[in-house]
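In TrEMBL this protein carries:
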- A:67-88: transmembrane segment (TRANSMEM)
- A:95-117: transmembrane segment (TRANSMEM)
- A:154-171: transmembrane segment (TRANSMEM)
- A:201-225: transmembrane segment (TRANSMEM)
- A:231-247: transmembrane segment (TRANSMEM)
- A:252-272: transmembrane segment (TRANSMEM)
- A:278-296: transmembrane segment (TRANSMEM)
Amino acid sequence: MSSVLDVVLSSAFLAAVLRVATPYLLAAFGGLVAERAGISNIGLEGQMLSAACTGALVAGYSGSVTAGAVCGIAVAALLGLLLAALRLELGADAIIAGIGLNLLASGATAYTVFTFLDDKGGTSGLKSGTLPTVALPGIESIPVLGDVLSGQNTVTWLAFLAAPAVAWLFYRTRFGFHLRAVGEMPEAAASVGIAVRRVQYAGLALSGALAGLAGVFLSMGYVSFFVRDMTAGRGFIALAAVFLGGLRPWGVFLAALGFGAAEALAVQLGTLDVPPQLVSTIPYALTLVALAVYAWRRKRRGAGEVTAASM
Amino acid sequence: MTATLVETEDRRAYRATRRRDLAVDLSMTLATILAALAIGFVVMLATGKDPVRAYEAMLTGPLERSFRVGRWLEDATTLTLLGLSVAIPFRARQISLGAESQLYAGALAAAMVAIFVPLPPVVAVIVPLVAAAAAGAGMGLVPGAMKARLGANEIVATLMLNAIAVRVYDYLVNGPLKQPGSTAVHSDPIRPDSALTPLQEWFGVPLGRANTGFVLMLLTAVALWLLITRTPLGYRIRMTGSNPDFAEYGGIRVPRAIEWSFVIGGAVAGLAGAHLVQGVYGRLEPGLAGSLAFEGIVVALLARNNPLVVVVAGLFYSYLRSGGDIMEQQTDVGTEIVVVIQAVIVLLVTAQALPDLLKRRIARRQAGVR
């Protein structure tokens with residue numbers, strides 16, 4: 001057990017947590033924005049995947065990492081808008097449309113990569129580069145903290161800054177107020193003159209963009225290539241973090257960080273004698289328990305208003 | 001006398017509406033499929049491929065040789081069972097995404113019995129099937145009870161169970177259940193008595209791994225159709241799905257109906273797992289389900305959750321899948337285009353407003369004529 005503690009307390013492990021948590025944080029904030037706008041974004045997974053693929057391809061062919069990142073994020077934002085349009089204009093079920101978008105992303109990315117590079121696996125044959133890391137002068141000299149923070153990717157910094165940014169957006173800006181009002185009760189929001197659809201479109205575009213940044217990090221953060229289905233369910237886990245975090249920015253932040261820490265731990269424990277698959281189930285089991293406890297408490301408070309429509 | 005006249009007139013009008021809606025539904029489904037295939041055509045054209053050759057290989061390929069037919073039927077069995085497994089909770093308007101976890105539970109249960117428990121013939125086939133259905137049902141009960149009794153979000157619960165089940169399964173196949181001394185990762189083979197009979201033995205032509213699981217799937221579909229349309233439980237599930245408040249008001253215990261829909265769906269997904277173990281692979285393989293669980297959702301959606309139509313949709317969709325593989329072998333078009341086509345189908349099907357708009361327009365036109 002002491003060896004486990006050694007692993008957990010090492011600065012290398014903490015640095016790994018920040019790195020592994022990055023896509024979870026960004027995608028979870030994306031999910032949070034959409035959820036608070038009143039449209040569940042199950043398509044996070046597909047938006048991440050599309051951004052990862054687009055980013056690597058554009059960066060590889062244009063030679064500009066920035067162009068790749070911008071295009072990746074833009075594609076993901078467009079997919080967010082598409083989800084909003086399907087929901088708002090064509091009366092689609094947001095959950096099912098999201099599943100459709102995920103399928104579309106999975107098929108289209110694999111098809112595109114195969115068409116361009118004649119490779120089934122990914123874009124490893126294409127030089128696309130990585131996003132820059134942040135070097136703060138003097139930070140290396142701080143003990144522990146220096147080791148943890150130095151050399152982290154720009155996107156990791158953005159992911160951690162996203163928490164206060166989203167909190168500020170929700171509770172300190174006009175748009176955030178409108179967004180929450182629309183998600184809470186669209187009729188009431190409309191009755192006081194809020195342009196409900198416009199707010200929802202903007203919310204879903206932002207949601208997609210955040211997921212896109214997470215996706216770009218996957219293919220351009222530490223590795224410099226796209227691998228088929230490389231998101232590997234992260235979008236769904238991020239969605240779980242949204243609910244586990246109680247739909248609040250800092251709650252979601254902690255939940256996503258927890259998922260990241262658990263995954264990093266599972267990787268580290270792989271070197272010890274613990275089956276990594278079982279360790280990596282812990283966050284999901286905890287989420288399940290938390291979900292039940294949360295629902296039970298709300299039910300006791302709300303005197304048991306359980307219908308098929310309640311979430 | 002006049003009363004009965006009015007009644008028959010009402011009835012006739014009602015039947016005409018039903019017929020019209022059914023015709024619209026059918027033609028919408030066909031139009032959806034054609035539109036998706038057309039989009040696939042355009043995509044192939046835009047990426048410099050030969051869509052005519054590709055579609056030819058895809059659409060005629062699966063029937064060209066008997067073992068390809070076998071490959072199709074084998075895939076259709078698993079896919080249709082998974083489609084049926086989500087169609088039932090969907091009927092209660094429960095978005096259960098947990099078919100994956102239920103399939104793995106079923107596969108494990110079937111394998112445990114079929115590998116380790118010596119049983120007399122026939123019983124040796126049935127007991128693992130029952131065990132798989134029970135395990136799947138148990139796995140379905142968890143999110144079902146959480147939703148019905150506590151109101152916990154079933155989407156998150158089923159996704160979490162999937163994540164857990166996939167990892168536990170992976171651990172077991174790589175660890176305790178791995179065949180000792182084997183370099184490849186898989187379990188011991190099941191006992192021969194527990195295997196589902198290959199269809200080859202019935203028809204005398206090579207049909208690959210297609211097996212009697214196909215017949216089992218057809219029977220399951222009919223049973224579920226009877227359950228949904230002809231039994232009180234089915235009525236409760238349907239009422240819960242169409243209007244939970246009204247169902248509650250009418251004396252239906254909505255939470256119970258929700259719970260049952262999850263349990264039944266779970267049992268069917270468990271059977272899909274048993275089919276893979278007892279019929280297809282004859283042992284536990286890593287990543288048994290692949291992406292099939294999510295594709296089952298597509299099948300259910302395409303069939304609008306009607307169990308009998310799910311069979312047709314499952315056969316159709318597996319046909320595209322096995323045709324896609326052949327297309328990839330014979331042309332330079334990747335099988336991924338099938339996933340794109342499938343995704344377009346989902347997006348078009350879920351665009352509820354489209355058929356409703358059409359139905360309303362037709363109804364308005366007919367009302368205008370009269």
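In case you wondered, yes, glycine gets a Cβ from its N, Cα and C as well.
Values in this document were obtained by computation on a predicted structure and should not be read as measured data.
Comparison of A:95-117, A:154-171, A:201-225 by number of C-beta pairs under 8 angstroms to the transmembrane segment (A:67-88) places A:201-225 first. The stretch from A:95-117, A:154-171, A:231-247, A:252-272, A:278-296 with the most CB pairs below 8 A to the transmembrane segment (A:201-225) is A:154-171. Non-local neighbours of the transmembrane segment (A:252-272) in the same chain are 3-4, 7-8, 13, 16-22, 24-25, 27-29, 31-32, 163, 237-238, 240-242, 244-246, 279-280, 282-283, 286-287; each lies 6+ residues outside the stretch with a CB under 8 Å from one of its CB atoms. Long-range contacts of the transmembrane segment (A:154-171) within the same chain, counting only residues at least 6 positions beyond its ends with a Cβ under 8 Å from a Cβ of the stretch, are 18-19, 21-23, 25-26, 29, 32-33, 36, 131-134, 179-180, 210, 213-214, 216-217, 221, 249-250, 253.
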